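Accompanying notes for the structure given below.
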Amino acid sequence: MYLSVPHYPSLKFTAFQSHKRNFRVFAVATNEAANYLPEAPILIPDGPWKQIDGGVTAAKGFKAAGLYGGLRAKGEKPDLALVTCDVDAISAGAFTKNVVAAAPVLYCKKALDISETARAVLINAGQANAATGDAGYQDVIECVNNLSKILQIRPEEILVESTGVIGHRIKKDALLNSLPQLVRSLSSSVGGAASAAVAITTTDLVSKSVAIESQVGGSTIRIGGMAKGSGMIHPNMATMLGVVTTDAVVACDVWRKMVQISVDRSFNQITVDGDTSTNDTVIALSSGLSGFNSNIISSLKSREAGQLQECLDVVMQGLAKSIAWDGEGATCLIEITVSGASTEAEAAKVARSVAGSSLVKSAIYGRDPNWGRIAAAAGYAGVPFDQMKLKVSLGNILLMDGGEPQSFDRAAASNYLRRAGETHDTVRIFISIGDGQGEGRAWGCDLSYDYVKINAEYTT
């Protein structure tokens, strides 16, 4: 399968096969940018929005850049990214629940407590700067202070994300030396967003970026985002970083609540391997530049807030699904939809349980329609339901109903799984646990031999 890549001049194309996925990877012949990744497929549903180009620079007021600063242990793939806003942007963040939180996570939490706005997000790949003590935290402070002088903004308006090897401090000298060029490279173009999306990746085989345009309260708004993640992915965030930008006009308290709701419906609903990272961070910025005539969204219960929430959900879920699709060693995306629960939260909990089951994931990789594993994972989710109302379908093939196995074409079910694996498509599992109105989704991927190989060889 060949995925499309954006146009860049003077490109040298090569092809390689990795974990049963054929990708066309291209490298720019200059030293400024090399070893670009292909883009993940766009995984957003149809709706009252339009998918557009631009990622984090699609919304008005935002610029981005990515370059190689010498932070990675190998190669010259971009490893340093910067996203900036021309104005003070309303800021929000969501972070790992891991108590061994990385230095940049601790810093961002404090910065968001101090200021309701931010102007920049600095991201490095190569070193996680987690479990690095006070020295690692001081590295963050020094990098922020240096960047604030170059950008001429307050230090507390700069947020930081890091990804890479735990226990390794940032290569501070390399980062500091790269900051002037990084700032000079800032662009509101699609290319600026694309280079930043590549720079934040680690074991990812694709970059993840998406943007949409929609109507909110009579104004045209844009929301875009980028994310990274492939392994160490589990609910309560994952080893994933994300930046989301919008030009919607929204109050800080409402925006921060919206972001947490969307994170719970997206990044907290994906799982690859059951490991919760030390560095999970999603930063969301709102420039408010969609229109000076727009009324500010000041109530979470307003019609306009509902429209913006839906758009934010779509972007974050699109990025989250791209992460699961790109799971280390994975051959397919798995989408679990649970209905009939008493609440959305209970449905989401059951969906997460099934998506995270190693036995379910292994069965899907083996193209085995083993509905018993699905039923068992639903049952141990910690959500009470009447097992006599349990219903399980694989695609449009009914496997279990009324708590009992159903007669089905096993060959057809196995072929459904096989086709998804051969084309890196989506396996859809539908579960009903009762008569309630609660519905929730979770996403994961199958578990292959390659997952063990990748992580056995990864430097720790």
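Just so it is clear, glycine is given a Cβ too, placed from its N, Cα and C backbone atoms.
Residues or ranges marked as transit peptide by Swiss-Prot: 1-26.
Under the heading substrate binding site, Swiss-Prot lists T202, K228, T239, E328, N455, T460. Neighbour list (K228 (substrate binding site), Cβ cut-off 8 Å, at least 6 residues apart, same chain): A125, T163, A197, I200, T201, T202, D204, S207, K208, M240, L241, G242, I323.
The annotation active site, nucleophile is assigned in Swiss-Prot to T239.
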- Message: Let me check the 10 A CB neighbour count of T202 (substrate binding site). How many other CB atoms are there?
- Response: 21
- Message: At a 10 Å cut-off from the C-beta of N455 (substrate binding site), count the other C-beta atoms across all protein chains.
- Response: 16
